[in-house]
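Over in TrEMBL, the protein carries these features:
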- 127-227: DNA-binding region (DNA_BIND)
- 240-257: compositional bias 'Basic and acidic residues' (COMPBIAS)
- 3-116: domain 'Response regulatory' (DOMAIN)
- 127-227: domain 'OmpR/PhoB-type' (DOMAIN)
- Asp52: 4-aspartylphosphate (MOD_RES)
- 232-257: region 'Disordered' (REGION)
Amino acid sequence: MTRILVVDDEPAIARTLRINLASRGYDVELAADGRSALDSCAEELPDLVVLDLGLPDVDGVEVLRRLRERSAVPVVVLSARHDSDDKVEALDLGADDYVTKPFGMDEFMARLRAALRRGGTEQTEALPPVETPDFILDLRERRATLADGTRVHLTPTEWRLVAALARRRGSLVPHTELLHEVWGPAYGRESNYLRVYANQLRRKLEPVPSEPRYLITEPGLGYRLHVWAAPESVGASGPRDPRGRDENGGRHERGPP
């Protein structure tokens with residue numbers, strides 16, 4: 001489910017946005033000030049931020065500036081400031097759109113959908129499911145299910161990492177490319193982020209997290225998502241995984257990646 005952070009100190013507007021967004025299938029989080037918004041984004045990036053500029057502590061322009069220092073998350077400014085200089089400043093700082101209050105809900109929703117498309121959410125929703133003998137990832141619905149039917153919760157950042165790998169399934173994706181795509185252009189050397197999130201995904205999805213079949217580390221290079229055939233589509237010797245074992249634990253020669 002697409003997660004949207006609404007940053008607005010006016011309770012009536014925040015409540016209206018929450019109701020309308022939730023009714024359209026979005027997961028909504030509210031923040032009433034800039035500091036709370038920045039803390040929330042530092043903990044877990046949403047898929048989009050709706051940002052008021054007139055916040056009680058940190059001005060919305062400064063919140064936008066700090067977000068852009070570390071993230072490419074789509075931002076739609078929703079503000080009572082009508083002056084063209086305010087609009088130009090926000091857009092130059094990296095806002096994806098600028099909507100003035102009062103506003104029509106239908107037009108606002110259309111602008112929000114457009115910002116999500118530009119931010120890559122539409123690309124994610126167009127990806128086919130990742131189907132393995134041990135789990136299925138429905139990238140469009142953001143639904144992760146184990147082979148026994150158990151639903152698994154993945155965070156927005158985990159979904160972005162999975163989607164980045166799924167777009168190139170079977171291929172090596174370099175560390176820097178993953179960091180830029182998942183966390184934003186300011187990130188490129190923080191390979192420890194990838195290590196932490198890859199391990200979290202393995203604990204949630206892999207049958208034996210310490211011996212991953214699917215989320216493969218290429219030391220010093222990056223990661224690849226290896227999706228291998230389910231048992232019914234392979235020969236009698238059983239499915240083979242990228243660790244060089246058949247399903248009964250026997251060794252076999254690993255082919256080219």
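Cβ atoms are placed via backbone N, Cα and C, with glycine included.
A quick note: this is a predicted structure, and the numbers were derived from the prediction, not measured.
Taking the Cβ of Asp52 (4-aspartylphosphate) as reference, residues of its chain lying under 8 Å away and at least six apart in sequence are, in sequence order, Val7, Asp8, Asp9, Glu10, Ile13, Gly60, Val77, Leu78, Ser79.
With DSSP states grouped into helix (H, G, I), strand (E, B) and coil, the domain 'Response regulatory' (3-116) comes out at 55 helix, 23 strand, 36 coil.
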